[in-house]
Amino acid sequence: MTQSADIMSLQMISAINNSSLIQPGFSLLNFDGQVFFFGQKGWPKRSCPTGVFLLDLKKNELKLKPAFFSKDSCYLPPLRYPAVCALRGRTDSEKCQYVIHGGKTPNNELSDKIYVMGIVCKPSKKITFKCTEKELVGDVPEARYGHTVNVVHSRGKSVSVIFGGRSYIPLGQRTTEKWNSVVDCMPHVFLVDFEFGCCTSYILPELQDGLSFHVSIARNDTIYILGGHSLENNIRPPNLYRLKIDLPLGSPAVSCTILPGGISVSSALVTQTGDKEFVMVGGYQCDNQKRMFCNTITLEDNNIEIVERETPDWTPDIKHCKIWFGSDMGNGAILLGIPGDNRQLISDANYFYILRCGGAREDEEEAAQTCSQTSTEDPGDSTPFEDSEEFCFSAEANSFDDDDIDTYNEDDEEDESETGYWITCSANCDIDINTWVPFYSTELNKPAMIYCSNGDGHWVHAQCMDLSEGMLIHLSEANVKYFCNEHVDLARGLQTPKKVLPVKKQPMKPLRRKTSMKIATPVKKSFLRRLFE
């Protein structure tokens, strides 16, 4: 059954700079129509260690430009797969902020921290952010990823709700073979009050399984949870839950209702096309099969209706790829990404499309929020048949008109898409794409590399250069030149030698001021006598 007559269009775009950064596992944040890329994958680049970039998309070309933070901002690591949600005020005068919880750090560990990020300065060409880490007390949720966070409003108050996700197995059970093994988080619902900094967990009998990479839509005091993946049972049950949050003067009241009409899906993408209408696209219905259908979701007071709608004209590349990722761009648009040809040397290159599902009307006073999370690890951590990672953001696709913002200086560091990780960096290089395993804790699915400044410069593997992890971190943080083992002696020989004064004849001793004229006069006469003889 098709609900809407709106035709969904698909348009390919090109990433013309920093394309190697655009990979699954990051989020996008919308501040007043401007979208910012957050959470780059892999080793942080020196030019933008926080991994926050302005997403500039116009004329079907996508660019990334580094963002800036105030001096009183805390350090925000480039987290991947965090739960992200807009924290909007009840009035238009209040600035929009974002709540960021959990996610994977560059060291491939999970974060249990929660941040609030907002704009403190917005001149014409340079936007400055401030990030604050929030200290919580009470039932603080454990470190996790693949979960969702939403903000609900009730009786003039607001709280954040955290649910689902995955975490590593307990530290005492982690061995070398199972170091990155993950389990479902307990199906607890966490209420976070930022005003008082307290957190409370709730156990609801309706929620029996820990779910990851589900879709959540929040409106007023209600959250709808759709789909998700249970890692313990390896199933995607057709779940549809309604969480209602009541915030009286006393303790909050949380209730859950199981609704019919759910869909077996994970990693689905949702975009808002109207005040009460949303479109859900993509996802996975099993480990090795993408869900190619689209649905219209309509919210009415305490009811939700989900019906199938017409699908776009998928390209052959999208139909035949095993994984895909993307997220909401706002205004009824979704950014989709698919991996490039696996046979090419640049294995991390992706292709991108914009899927337009229809225009969105003006938001109501309490706008609905959508959150969707993906259900897989990094491609290097798991099989490619599991759900892909995705972005999680809301923005306009054509809202960038400023070309004067400082651009990322690719001359400082050679583009990874040109060098590649799978190179023979030296005569003793033994890095093989078929046998390589992580050597440093900072490595994800590619070996760590460092730039040798000899001549025109070239990339070498840190492992082949016998660098310790501590030294690698030091060199990545310090703005110093590095020379590989083969060029370090040559670099030393090219250094300017110390200046050595030429050998000179001993000059005549100058006369001191206190020397009497009686001593100086004979010297002068003798000199004149030789001169005229």
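Every residue gets a Cβ built from N, Cα and C, even glycine.
As written in TrEMBL, here are the features:
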REGION    366-387  region 'Disordered'
COMPBIAS  378-387  compositional bias 'Acidic residues'
DOMAIN    420-497  domain 'Recombination activating protein 2 PHD'
BINDING   C425, C429, H458, H461, C464, C484, H487  Zn(2+) 1 binding site
BINDING   C452  Zn(2+) 2 binding site
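Where TrEMBL records a feature, it is marked here on the structure.
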{"residue": "C425", "record": "Zn(2+) 1 binding site", "CB count, 10 Å": "24"}
{"residue": "C429", "record": "Zn(2+) 1 binding site", "CB count, 10 Å": "14"}
{"residue": "C452", "record": "Zn(2+) 2 binding site", "CB count, 10 Å": "23"}
{"residue": "H458", "record": "Zn(2+) 1 binding site", "CB count, 10 Å": "18"}
{"residue": "H461", "record": "Zn(2+) 1 binding site", "CB count, 10 Å": "23"}
{"residue": "C464", "record": "Zn(2+) 1 binding site", "CB count, 10 Å": "21"}
{"residue": "C484", "record": "Zn(2+) 1 binding site", "CB count, 10 Å": "21"}
{"residue": "H487", "record": "Zn(2+) 1 binding site", "CB count, 10 Å": "18"}
Inquiry  = To the nearest Å, how far is the Cα of H458 (Zn(2+) 1 binding site) from the Cα of the residue listed as 'Zn(2+) 2 binding site'?
reply    = 5
Remark   = The correct DSSP tally for the domain 'Recombination activating protein 2 PHD' (420-497) reads 15 helix, 8 strand, 55 coil
Message = What is the set of residues, excluding C425, C429, H458, H461, C464, C484, H487, whose C-beta falls within 8 angstroms of the centroid of the C-beta atoms at the Zn(2+) 1 site?
response = S426, C452, W459, V460, M465, N485, E486
